[in-house]
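What TrEMBL annotates here:
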- 222-390: domain 'Suppressor of fused-like' (DOMAIN)
- 42-74: repeat 'ANK' (REPEAT)
- 111-143: repeat 'ANK' (REPEAT)
Amino acid sequence: MSDLSWIQVKRDIFDAISKGDLETLINMVERYPKVITAYNVSSYSLLHVAAEQNNKDILEFLYRKGLDVNITRKNDGGCVTPIHGAVNKNLIENVIWLLNHGANVDTGLRIHATPLIGAAFNGSEEMVKVLLKAGATIDAFYYVGEGKTKTKINAIVAAEMEGHSELARYLREHDAIEDTLDEDTESIIESQHDEILCHLEKYFGKVTNTLSEIVPGSKVAVSVNIIPNSSDNKFITIATTGMSDCPMDDSVEAFEENFAELIIKLPISWPISKNDMNDMNNYWPLGWIRKTAHIPHLYNGWIGKDIIFPNGDPAQPFASNTKLSCIMVCKPKESGLDSFVSTKGNIINFYTIIPIYEEERNIALEKGCEYLIRKLSKRGIVDVLDATRENVGL
């Protein structure tokens, strides 16, 4: 089997699971037996993906074929197992099935968000009850950040971070230990964040709103900051803080590129109220700037100029209101914005992310991102998002 055909086989089998197509799954496993051990581009096994679908027949089939319910994500040190995905999707029946077949209810303990902490992030009291009944450690915790910026996260903190006050109260009533964030840790983090925002405000104006969150398993907590009236109401600036709380690379050689934050520009008419964020057509630019910021901290990756991230393989549109499907990381056009040195001595680099089409990505892969940027510029396409703009790759 050639490399290309093997890639296609893996793609097809993961697609069959996502679509709930048990017949195709069975036929492919019979034809290509070794595909049962495949991982997708995100390092997830077949059982990981199946756990996120509402189809226990597929779970049963994969289990009978020998997949361990405690199989871990590829090269993740045993942190993320299929139960995490089922909890994240709030699929209670899948979680019960996994537990009944031997899933570790405390998987990831002290090194990653356990399923209970994941359920607390989601605000699902019913899921929390299922996990506690199965023996989940109510005081399980893990850390976000390193050194002086290390922050302890448990189920109560997770629930309160996401505004699930009733769930936090329920956990306290069931004797979860109250943990508070270290004041010195908070002060150090907030100080650098303030410096970052001060640098950004020199170019774009005043931040009026900040949306905070924590992604289980990431080393950092990324906040999205909104500047609604950038450059005399010409566009809205969205910028991250928190991505630079930890370095992407600890090597001396990478000292000047260790730390980064991201920017995306939206048209002035883009809906950005709290209620607007419930619509994926409005939320996806904010969701993707967050997702991109977490990539180096979740997957030991790297972010810098001229890197492109597709939305899936093959790349899929970000939402129903656009055919844009990839993120290109670029140096900002504003002179002097690209970096500054914090009082901690960290060089913080700033990158603008620009959504592009798959065909444009192919141009960049062949001729380079600078070539694509020049081609966009010649067509009058700037770094402010236009969800329905011309595709220069066609």
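Including glycine, each Cβ sits where the backbone N, Cα and C put it.
A quick note: this is a predicted structure, and the numbers were derived from the prediction, not measured.
Here the repeat 'ANK' (42-74) is broken down by DSSP into helix, strand and coil counts: 15 helix, 1 strand, 17 coil. According to DSSP, the secondary structure content of the repeat 'ANK' (111-143) in residues is 17 helix, 3 strand, 13 coil.
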